[in-house]
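Chemist: I have a structure here, written as structure tokens, and I will follow up with some questions on it.
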């Protein structure tokens, strides 16, 4: 009897067919191309972990200079992130991706030809601006072209490509480490320009974001794009109606081009609504997004990824080859588990996956702190402690990649209302990169002051605070359209259901009863 009722009454969440039509493949291809911008950050992070070994020897740098050259790119990327929100509202999401790739291409070439430390710092500045653009625009574009049935899967792609880029950087380190000292690290950094060229060509096949087109009043173009990227024509119509309502366009307005009068496409009034006079729901969204970005980085992931050779050296691995091979294992583990996460996001949900992930991170970090402290205080070689250290590094990056890594970008890109999305996402990237910069520019100094084991105890404590924050502040968004998501916020307890959620559940119960 229930099966007979289910067929005629479809909700938006039900437009997930057993056999996805070809249009889903188009959305899939768009998500892949847009997410390739994230390779730029991933490759830079991965390659610098090994390149700094040889940069330090070749340019005769101190630990403090190494910390700066590694971590400063996160602060440089703030410029790109701050500009990306306004740029994407001005020229569109698609051409902002082109800008990101072009800037990083120049930066990678400059790094590859760096003759000295000051020039390298300038090259890092250029590359950092490109990375800032890429970090902001990839998840926003992917969220806006993805159908609700697989938005978590597709929006996790940027993080997949970050991890793929990290793995490529690690492999590049190992391959070019055999070259002469002055040439090896320059080749490691210079080949990072290759993905930028592929990206610039691939973006020509991508459509513009339908939400950006609606914001510009280009309804005809938006309708064509939605018909290509939705699971069904009915879903395309529902998505268009939701976007028109969010942009302030009357539902009965079906002209190909319309004048949008109450839009904030240039950013006017957005910052006032986000920061000065937010509604309870917007305030909750902002706190949730910024907190998510902060705890993702403050738990030490970039310290592990950037300084894994140093960590493995402290754990007892002596040679460069051993350290670099161990970092390849780290990259492999991150990449495998991020792929696992992409298939779980729309099945398990964001909230349970995130809480499980962060719980595993806490355990791994505290265990790593214990094992490194034991090694630091031992007189001889303790193989079991060395093995435990390597295992917990791998378990930490694996548990991070299965939840906290992708969900940060998926969740923060889907919870902001349309009128605030570009600037809200940019604010999240700013917090993410500042926190990452602070961690990566202080890790070596912190390890010298309180030991490397003590540093990981701190990261474990921060991750524990993050778990509590996520449990209280983050409601579930699985299966909701981007326009419906705002209704889940406004109460500062994630387990209390929003009014819209309660109404939906009550309606479902009434339908079942009938």
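Cβ atoms are placed via backbone N, Cα and C, with glycine included.
Below are the features listed in TrEMBL for this protein:
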- 30-478: domain 'Major facilitator superfamily (MFS) profile' (DOMAIN)
- 26-54: transmembrane segment (TRANSMEM)
- 66-83: transmembrane segment (TRANSMEM)
- 95-113: transmembrane segment (TRANSMEM)
- 119-141: transmembrane segment (TRANSMEM)
- 153-171: transmembrane segment (TRANSMEM)
- 183-206: transmembrane segment (TRANSMEM)
- 285-304: transmembrane segment (TRANSMEM)
- 324-345: transmembrane segment (TRANSMEM)
- 352-374: transmembrane segment (TRANSMEM)
- 386-412: transmembrane segment (TRANSMEM)
- 424-444: transmembrane segment (TRANSMEM)
- 450-474: transmembrane segment (TRANSMEM)
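Describe the structural context of each listed feature in the structure shown, including burial, neighbouring residues and relevant distances.
Modeler: Through the fold, the transmembrane segment (26-54) approaches residues 66, 69-70, 73, 77, 93, 97, 100-101, 104, 127, 130-131, 133-135, 137-138, 141-142, 145-147, 150, 154-155, 157-170, 172-174, 177, 181, 184-185, 188-189, 192, 195-196, 198-199, 202-203, 205-207, 228-230, 302, 305-309, 320, 323-324, 327, 331 of its own chain, all at least 6 residues removed from its boundaries and within a Cβ separation under 8 Å.
If you look at the transmembrane segment (95-113), the same-chain residues 6 or more away from its ends with a CB under 8 A from one of its CBs are 34, 37, 40, 80, 84, 87-88, 119-120, 122-131, 133-134, 137-138, 141, 186-187, 189-193, 195-197, 199-200, 203, 206.
Within its own chain, the transmembrane segment (285-304) has Cβ neighbours under 8 Å at 45, 74, 274-275, 278, 311, 330, 358, 361, 365, 393, 396-397, 400, 404-405, 407-408, 411-412, 415-417, 424, 427-429, 431-432, 435-436, 439-440, 443, 455-456, 459-460, 462-463, 465-466, 469-470, 473-474, 486, 489, counting only residues six or more beyond its boundaries.
Distant neighbours of the transmembrane segment (324-345): 46, 49-50, 152-153, 155-157, 159-160, 163-164, 166-167, 169-171, 173-174, 177, 304-305, 308-309, 312, 317, 353, 390, 393-394, 397-403, 405-407, 410, 478; these residues of the same chain sit at least 6 beyond its ends, with a Cβ under 8 Å from one of its Cβ atoms.
Long-range contacts of the transmembrane segment (352-374) within the same chain, counting only residues at least 6 positions beyond its ends with a Cβ under 8 Å from a Cβ of the stretch, are 295, 299-300, 311, 314-315, 341, 344-345, 382, 385, 388-389, 392-393, 395-396, 398-400, 402-404, 407, 411, 451-457, 459-460, 463-464, 466-467, 470-471, 474.
Sequence-distant neighbours of the transmembrane segment (386-412) (same chain, 6+ residues past either end, Cβ-Cβ under 8 Å): 139, 143, 151-152, 155-156, 158-160, 162-163, 288-289, 292-293, 295-296, 299, 301, 304-305, 308, 311-312, 315-317, 326, 329-330, 333-338, 340-342, 344-345, 350, 353-361, 363-365, 367-368, 371-372, 375, 424-425, 428, 432, 466, 474, 477.
Through the fold, the transmembrane segment (424-444) approaches residues 63-64, 66-68, 70-75, 77-78, 81-82, 84-85, 132, 135-136, 139-140, 274, 285-286, 289-290, 292-294, 296-298, 300, 302-303, 306-307, 310, 408, 412-413, 416, 455 of its own chain, all at least 6 residues removed from its boundaries and within a Cβ separation under 8 Å.
Residues 284, 287-288, 291-292, 295-296, 298-300, 303, 311, 314, 350-351, 354-355, 358-359, 361-362, 365-366, 368-374, 376, 404, 411, 443, 492-495 of the same chain, all 6+ positions outside the transmembrane segment (450-474), place their C-beta atoms under 8 angstroms from a C-beta of that stretch.
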Chemist: State the non-local partners of the transmembrane segment (119-141) in its own chain: residues 6+ outside its ends, Cβ under 8 Å from one of its Cβ atoms.
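Modeler: That would be 30, 34-35, 37-38, 40-41, 44, 55, 59, 68-69, 72-85, 87-88, 93-94, 96-97, 99-108, 110-111, 155, 158, 161, 192, 196, 209, 409-410, 412-413, 421-422, 425-426, 429, 432-433.
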